[in-house]
Ligand code: AMP
């Protein structure tokens with residue numbers, strides 16, 4: 001199995017690159033943002049709770065997010081591994097992920113691929129995506145700025161933990177989509 005954490009600030013292209021990686025290596029994408037949006041669309045209790053945070057650009061509390069992730073990992077799949085997109089976003093989630101992958105899959109995280117993009121480009125990309133995505137958290141600059149602020153306050157330090165484990169790889173997230181994918185593919189090939 002290959003288990004990848006796809007890391008980077010909002011708007012760095014994690015979702016887009018996850019799509020290419022899952023096709024190339026037959027992996028399952030687990031996006032906590034997508035799971036929350038599914039719950040919001042279906043107006044579940046979890047969706048209502050998540051919405052109260054997402055609409056402000058804040059992180060949803062660790063426990064609910066992690067419980068949702070565990071449920072997703074328990075679903076049967078015949079893929080070669082997982083791509084975690086948008087999780088972990090805190091130190092507590094990083095520790096939880098290590099434990100969960102061990103307990104549920106009897107496996108480990110192999111690599112953390114980090115997409116590097118300047119803040120100014122992130123804001124431009126998110127506002128542009130907001131024109132078509134229908135995502136309320138993409139269409140307002142104040143919410144976007146708060147998401148970036150949350151990233152630096154709570155998420156950026158996750159990179160340090162993967163660095164300490166020798167699993168952290170940075171890739172320039174600005175350029176053509178396929179060009180960036182090729183760089184990510186090359187890093188995954190190295191650990192296969
Ligand atoms: P994303 O689609 O990954 O940008 O996530 C959209 C929003 O969902 C984030 O701004 C958070 O409010 C929430 N969210 C997604 N993943 C997590 C997570 N791992 N921990 C906490 N909140 C999350």
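Each Cβ is built from the backbone N, Cα and C atoms, and glycine gets one as well.
Under the three-state DSSP scheme, residue 13 (ATP binding site) falls in the coil class. Of all Cβ atoms in the protein chains displayed, 21 besides its own lie within 10 Å of the Cβ of residue 13 (ATP binding site). If you look up TrEMBL, you'll see 11, 12, 13, 14, 15, 16, 129, 175 marked as ATP binding site.
Only residues 6 or more beyond the boundaries of the region 'NMP' (31-60), in the same chain, are considered here, and those with a CB under 8 A from a CB of the stretch are 14-15, 18, 68-69, 72, 85-87, 89-90, 135-137, 142-147, 149-150, 154-155. The region 'NMP' feature in TrEMBL is assigned to 31-60.
DSSP assigns residue 87 (AMP binding site) to coil, not to a helix or a strand. TrEMBL lists 32, 37, 58, 59, 60, 86, 87, 88, 89, 93, 135, 147 with the feature AMP binding site.
When averaged over the region 'NMP' (31-60), pLDDT in the model lands at 98. Neighbour list (residue 60 (AMP binding site), Cβ cut-off 8 Å, at least 6 residues apart, same chain): 32, 36, 49, 50, 53, 54. Checking the binding-site residues 11, 12, 16, 175 against ligand 1, none has a C-beta less than 6 Å from an atom of that molecule. The two recorded residues, residue 14 (ATP binding site) and residue 58 (AMP binding site), show a Cα separation of 18 Å. Comparing Cβ neighbour counts within 10 Å across the binding-site residues 12, 16, 32, the minimum falls on 16.
Shown for the region 'NMP' (31-60): DSSP residue counts in helix, strand and coil, namely 20 helix, 1 strand, 9 coil.
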